[in-house]
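Worksheet: the structure to be examined is printed underneath.
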Amino acid sequence: MSHSNPPLVNESFVTVGSAVGADVISLPEDVSTWQILKSFFITGAPLTVATISQFSIVTVLLSVVGKTLGVDELGGATLALGLINATAFAFAAGSCGALETVLSHTYGINQAQTGGRGTMYMYGTYTQRMLIILLILTIPLGIILIYADVFLEYIGQSPEVVHFTGRFCRVAAFGIPSIQAFQVLGRYYACQHATTPLSVASVVASLMNPLLQVAFIKLFGFDGSPVAWLFLFTGIDCGLIAYAYYSGLYKQTWAGWDANAFRNIGQLVKLAIPSMAMMLSEWVAIEVICICAGFAQPFELAAFSITMQVFGISWGIASGIMILVTVFIGNAIGEGKPVLGKRIAKTAIVLVFAIALFDVTLWWSLEDHIPSLFTDDERVGGVYRRLMRIVLPYHIFDTFQSTVMGILRGCGLQKIGALVITTALCIVGLPVAFILFFRVKYGIESLWIGPFSGVALVGTPSYIYLLFWYIDWPNLRPHEEGTQSFEEDSYSPRRVSVEGMEVVVEVEEENNHSRGVPTNGDNNNNNNNNNNNN
């Protein structure tokens, strides 16, 4: 179904029943802090389960490859997955940060105007636009993966490992569309609070993963591993699409493929580029310090790898809150309650801080046992404990940083977020790590000290300033089709009214005046004048 004219978000609202499967949540401005916390836990728990399940897919894949095939195959698969994360996953997840902004705002406007009972077909149109953007990115990303082994061989990587890396990447390149669709579908569900299907799909995939890996490796050898990985993500996508169709979830948001998806793509790209920069800055920093760890002693590299696993799991535990803060703040802004968004932001920060303290306590109490799960080498255990003295406090600052990034996405302020996180990690953090590790020879601890110092000394003060002084909370406005797109340095005086359609009428009359077209008010005045003349 296509629309002949680009619709305003408001014009696409028609009163219908709520979609099946999505919890309609609209927080009043005087909502209690307890109710905000409850909403975070109820809606965020499935997202946390989904994130941890997704982490397990890579861990299990590498475990099966290592035990079934060999060391070179394991090294090749590890390097290939790192490249896939830094390209296909990072670009898709980063770009979809823009989708979180526009979808959460659209959902909030629908809540304000129809109480969540109306259709919001612009929601589907925005989703289609992001699919188009990511489809265009598929070509350069695919070329990078297909020829990744040529570059790795050029810089002197082990020929045996590079051989398997190239084989894995060439098969995985065909899975880029599946990865991108998975990221889009995740936002499509999460921004309308339908998080349970995401967790179910991820858990089922994590359970199927080892079976698929073993079966396909037996059938096709090493090449079976990326084939199984490709089938797994394609299956997740198909399952989520099928659920949206058979549950009726799509009825509120999808009116078929829309020709308007090809219009105004530039506005979404303007949000997507800084969103991508926010994601890539952190992922690039992590990938670079992992590469640098390869220059350390083998037992130090092993300890560093264990801390990376712990760091990732810790982030996953709080991920539900850090993802949902974007959605809830975006909803509040869409409903015309931006000050409520500030309360949501503060609540999320306190909640994530509490979770981070729990993580620190948990890993500190288990520090003598974690290394033994991977190796019996006492040297690894000793280095692991030294590294965790840095990793644990860094985790507290990192979760704060991730939460603020979510808050900025909800506000549509991706540009300033990208600037700060790039400065903290890439301009300050990485150089500090390089100097300490390669010049000062301080040890492998340097690789964690670098990003920690960047986030603690540059990022954290900047984030506090942004939250309490920079963001003009009362004047934040939602992104709407047909209005000026987000600009961080200027806010339109136009505010969203809970009367909904009356706002559109007023704006249309203003536009008609500016074009010299008679409005309803002008027509009424003319009629009165005619009557008086008669």
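Cβ coordinates come from backbone N, Cα and C, glycine included.
These come from TrEMBL:
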TRANSMEM  40-65  transmembrane segment
TRANSMEM  77-99  transmembrane segment
TRANSMEM  130-148  transmembrane segment
TRANSMEM  168-186  transmembrane segment
TRANSMEM  198-221  transmembrane segment
TRANSMEM  227-250  transmembrane segment
TRANSMEM  271-296  transmembrane segment
TRANSMEM  308-332  transmembrane segment
TRANSMEM  344-366  transmembrane segment
TRANSMEM  416-440  transmembrane segment
TRANSMEM  447-471  transmembrane segment
REGION    509-534  region 'Disordered'
COMPBIAS  523-534  compositional bias 'Low complexity'
* Please work out which recorded stretch in 168-186, 308-332, 416-440 has the most C-beta pairs separated by under 8 angstroms from the transmembrane segment (77-99)? => 168-186
* Asked: Thinking of Cβ pairs under 8 Å, which stretch from 40-65, 168-186, 271-296, 308-332, 416-440 has the most of them with the transmembrane segment (227-250)?
  -> 168-186
* Cβ contacts under 8 Å made by the transmembrane segment (416-440) with residues that lie 6+ beyond its boundaries -> 274-275, 277-278, 281-282, 284-285, 288-289, 292, 295, 401, 404-405, 408-409, 446-455, 457-459, 462-463, 466, 470, 488
* Distal contacts, the transmembrane segment (198-221) - CB-CB under 8 A, six or more residues away -> 45-47, 49-51, 53-54, 56-57, 60-61, 64-65, 68-69, 186, 189-190, 227-229, 231-233, 235-236, 239-240, 243
